[in-house]
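A.B. asks: Pasting a structure here, questions to come.
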Amino acid sequence: MVILSKVAAVAVGLSTVASALPTGPSHSPHARRGFTINQITRQTARVGPKTASFPAIYSRALAKYGGTVPAHLKSAVASGHGTVVTSPEPNDIEYLTPVNIGGTTLNLDFDTGSADLWVFSEELPKSEQTGHDVYKPSGNASKIAGASWDISYGDGSSASGDVYQDTVTVGGVTAQGQAVEAASKISDQFVQDKNNDGLLGLAFSSINTVKPKPQTTFFDTVKDQLDAPLFAVTLKYHAPGSYDFGFIDKSKFTGELAYADVDDSQGFWQFTADGYSVGKGDAQKAPITGIADTGTTLVMLDDEIVDAYYKQVQGAKNDASAGGYVFPCETELPEFTVVIGSYNAVIPGKHINYAPLQEGSSTCVGGIQSNSGLGLSILGDVFLKSQYVVFDSQGPRLGFAAQA
């Protein structure tokens, strides 16, 4: 787990200049390239919809950044209250990205909030491999002597194991000698998610958790092969999205990209927005220092901002037993806007209606919740699903535009 000191909310100068970087895959004689990798749907043979504990999801997100999990949230995790139906509900579909590792294709979560590539492996007991595609070191793989990794989260989930160097291919671009963290121990929380075979981190390599020597992320390994050292994310609401590596796809967004400088001193895609607004209300000039994180579902903000939002939601209340703010499912939620320079990044209200507390419940849990005094905000999938976001390692900087 990465320990994060509290960060002061310091405004960063933002601009809305148009990108001068490549806007489509190139076929140069120097073998540089760009590629798009699409997420896939993977259905599992379960009876009824897939469920997940909202308090567990929430507490894991806090712990990921070294935050303190409040007592009421720990209690909600322990009690099992607040089990939500994950979205999208129909057919129990989860969105993952195929990655070929050592000749085996695994379906991984791409996570801009971490820097490890860890996978289910043949080192796990057979019972824990069931339902998963697992990593088997190729004939060209080599084990890194003395290297190990160990992750744990606030909901009690954990994984650990050995480290190999092997061939990793995403969308036709190959990383030779890429560090692959092979799980030999894993908690039930991960085992039970039969859709997911591991994680590919896209934060900065400085926070890779391999010991004694941190390893390089897949992106840092391959970025010199790309037309431009960037990737762009298009997550979708209740639909598969895509990742563009090495180029910006102008067909996927409207208007011009608004750029924000990134502070990578703690290894994250951290930036500062200028303010926010709720519904059709006036913009509030209140700097929001946050992290763009595809590996976190929720948007987690300072209490005063969260409270200001739910004051505009009829019937909303902060329910300790559920782990956070809830409201009647039929409530029409206002949009939430993050102000980035002269650009307004709008989260539609329907994206903020995260899910029912449990199957058949008329009470729903919100996709915007408190950061519990973390000292910075987390802008997860609830925010990202309405945006085309460019993660540009030159600068570094983030570019935002509304999805087309």
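Including glycine, each Cβ sits where the backbone N, Cα and C put it.
Since we're looking at a predicted model, the values are computed, not measured.
Taken from Swiss-Prot, the feature signal peptide applies to 1-20. If you look up Swiss-Prot, you'll see 95-401 marked as domain 'Peptidase A1', on the strength of sequence analysis. Residues annotated as active site in Swiss-Prot: Asp111, Asp293. Annotated N-linked glycosylation site per Swiss-Prot: Asn140, in sequence order. As annotated by Swiss-Prot, disulfide bond applies to Cys329-Cys364.
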A.B. asks: Quick one, of the active-site residues Asp111, Asp293, which Cβ has the fewest other Cβ within 10 Å?
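C.D. replies: Lowest Cβ count within 10 Å among the active-site residues (Asp111, Asp293) is Asp111.
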A.B. asks: Between C-alpha atoms, which of these recorded positions comes nearest to Cys329 (disulfide bond): Asp111, Asn140, Asp293?
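C.D. replies: So, of the listed recorded positions, the one sitting closest to Cys329 (disulfide bond) is Asp293.
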A.B. asks: Fewest other C-beta atoms within 10 angstroms of its own C-beta: which of the disulfide-bonded residues Cys329, Cys364 fits that?
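C.D. replies: Each of the disulfide-bonded residues Cys329, Cys364 was scored by Cβ atoms within 10 Å; lowest is Cys329.
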A.B. asks: With an 8 Å cut-off on Cβ-Cβ distance and a minimum sequence separation of at least 6, pull the same-chain contacts of Asn140 (N-linked glycosylation site), or say none.
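C.D. replies: For Asn140 (N-linked glycosylation site), the qualifying residues are Gly102, Asp166, Thr167.
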A.B. asks: How long is the line from the C-alpha of Asp111 (active site) to the C-alpha of Asp293 (active site), rounded to the nearest angstrom?
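C.D. replies: Checking the Cα atoms of Asp111 (active site) and Asp293 (active site) gives a distance of 7 Å.
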A.B. asks: Give the mean pLDDT for the domain 'Peptidase A1' (95-401) on the 0 to 100 scale.
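C.D. replies: Mean pLDDT across the domain 'Peptidase A1' (95-401) comes out at 96.
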A.B. asks: If I take the alpha carbons of Asp293 (active site) and Cys364 (disulfide bond), what is the distance between them in whole Å?
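C.D. replies: Computed Cα spacing between Asp293 (active site) and Cys364 (disulfide bond) is 23 Å.
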A.B. asks: Under DSSP, is Asp111 (active site) part of a helix or a strand, or is it coil?
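C.D. replies: Strand, per DSSP.
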A.B. asks: Using DSSP, would you call Cys329 (disulfide bond) helix, strand or coil?
C.D. replies: coil
